[in-house]
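A.B. asks: Okay, handing you the structure first.
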Amino acid sequence: MARMYYDADANLDLLADKTVAIIGYGSQGHAHALNLKDSGINVVVGLYPGSKSRQKAEDAGLKVMNVADAASAADWIMILLPDEVQKAVYQEDIEPNLREGKVLSFAHGFNIHFGQIVPPETVDVIMVAPKGPGHLVRRTYEQGEGVPCLFAVYQDASGQARDRAMAYAKGIGGTRAGILETSFREETETDLFGEQVVLCGGLSALIKSGFETLVAAGYQPELAYFECLHEVKLIVDLIVEGGLAKMRDSISNTAEYGDLTRGPRIVTDETRAEMKQILREIQSGQFAREFVLENQSGKPGFTAMRRQEAEHPIEEVGKDLRAMFSWLKDK
């Protein structure tokens, strides 16, 4: 059984006299920066010239610098940029400023695990990955709570890398909820698998296929939207709250019987074989190479797929229906 670590297990004093540079001020960046600041840590934010996030960071009372200056000034660097831009920013602005004894941090292991970023042997390389979006990381911290985190050590130059990772997790509120130790490989491969097979790829394909099946059979698109997309949140909320058991305990007997007897016909042996193939593509680096090359070539296929998905009938139906949802209008 995996062990969870909490506030008493981590020593925030390891960050007390350090300057932490948060590179990027998006969803995770703003949460990490503000939570660390409120934990009494000296924080600077590294942004590229002309960044639209600069004013937001300054309005929050944070010192903003360009990325190279932030990396130079900091003892601790946390890269919170999209995976596809990290390598270029690292090579241009961060690597020249990585002196011995510094800490290089990530919230996802992609670039380290797949060799896009190769750090010098003289720095600690760690990961602290909150298992929730940035707005939740920030909101729960302000409420005196936190979001569970994963933490890992890739390189321990100082002999303190593990303790440092735990201290950082405490600084952003993770140890209030509990943090779980992993490795860069395990986090990266399981994260990609979950995204592709279940959370994003699998769920999106399932929703669209269900919608298309009902519409093709002559049912109103609006009803198909409600049954195959809108109600997903109702079910997922129950699962998150208490697992599959709570969900099944909360739905009707009719729904539960249909779940248990028909669900296995959707995820077949062929589906499971495809899941294993997708996992092999992740483990071998095939997916990573494909993604890197796609971005290096200007994302032509990615852009075309985005355009095609945006034109799917479920998007237009959903747009019209959501306009009538009064509870969404204030968001």
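Any Cβ shown, glycine's included, is placed from N, Cα and C.
These came from Swiss-Prot, pasted as-is:
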- 2-182: domain 'KARI N-terminal Rossmann' (DOMAIN)
- Tyr25, Gly26, Ser27, Gln28, Ser51, Ser53, Asp83, Glu84, Val85, Gln86, Gly134: NADP(+) binding site (BINDING)
- His108: active site (ACT_SITE)
- 183-328: domain 'KARI C-terminal knotted' (DOMAIN)
- Asp191, Glu227, Glu231: Mg(2+) 2 binding site (BINDING)
- Asp191, Glu195: Mg(2+) 1 binding site (BINDING)
- Ser252: substrate binding site (BINDING)
A.B. asks: Considering Cα atoms only, can you say which of Asp191, Glu231, Ser252 is the nearest neighbour of Ser51 (NADP(+) binding site) among these binding-site residues?
C.D. replies: Asp191
A.B. asks: Taking only the recorded positions His108, Asp191, Glu227, Glu231, Ser252, which one has a CA atom nearest to the CA atom of Gly134 (NADP(+) binding site)?
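C.D. replies: Nearest listed residue in space: His108.
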A.B. asks: Can you figure out which of Val85, His108, Glu195 (the recorded positions) comes closest in space to Glu227 (Mg(2+) 2 binding site), comparing Cα atoms?
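C.D. replies: Result: the closest of the recorded positions to Glu227 (Mg(2+) 2 binding site) is Glu195.
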A.B. asks: Roughly how wide, in whole Å, is the group Tyr25, Gly26, Ser27, Gln28, Ser51, Ser53, Asp83, Glu84, Val85, Gln86, Gly134 that binds NADP(+), by largest Cα to Cα distance?
C.D. replies: 19
A.B. asks: How many other Cβ atoms are found within 10 Å of the Cβ atom of Glu195 (Mg(2+) 1 binding site), counting all protein chains shown?
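C.D. replies: Its Cβ has 14 other Cβ atoms within 10 Å.
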A.B. asks: Of these binding-site residues, Ser51, Ser252, which scores lowest on Cβ atoms within 10 Å?
C.D. replies: Ser252
A.B. asks: With an 8 Å cut-off on Cβ-Cβ distance and a minimum sequence separation of at least 6, pull the same-chain contacts of Ser27 (NADP(+) binding site), or say none.
C.D. replies: Pro133, Gly134, His135
A.B. asks: Rounded to an integer, what is the Cα-Cα distance in Å between the residue listed as 'active site' and the residue listed as 'substrate binding site'?
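C.D. replies: Spelling it out, the Cα of the residue listed as 'active site' and the Cα of the residue listed as 'substrate binding site' are 39 Å apart.
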A.B. asks: Here's one to test understanding: among the binding-site residues Tyr25, Asp83, Glu231, Ser252, whose C-alpha is closest in space to the C-alpha of Glu195 (Mg(2+) 1 binding site)?
C.D. replies: Asp83
A.B. asks: What are the sequence-distant neighbours of Asp191 (Mg(2+) 2 binding site), meaning same chain, six or more residues apart, C-beta distance under 8 angstroms?
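C.D. replies: Long-range Cβ contacts: His108, Gly109, Ala129.
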A.B. asks: Give the mean pLDDT for the domain 'KARI N-terminal Rossmann' (2-182) on the 0 to 100 scale.
C.D. replies: 98
A.B. asks: Could you tally the C-beta atoms, other than its own, that fall within 10 angstroms of the C-beta of Glu227 (Mg(2+) 2 binding site)?
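C.D. replies: The Cβ of Glu227 (Mg(2+) 2 binding site) has 14 Cβ neighbours within 10 Å.
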A.B. asks: Fewest other C-beta atoms within 10 angstroms of its own C-beta: which of the recorded positions Tyr25, His108, Gly134, Glu231 fits that?
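C.D. replies: With the recorded positions Tyr25, His108, Gly134, Glu231, fewest surrounding Cβ atoms within 10 Å: Glu231.
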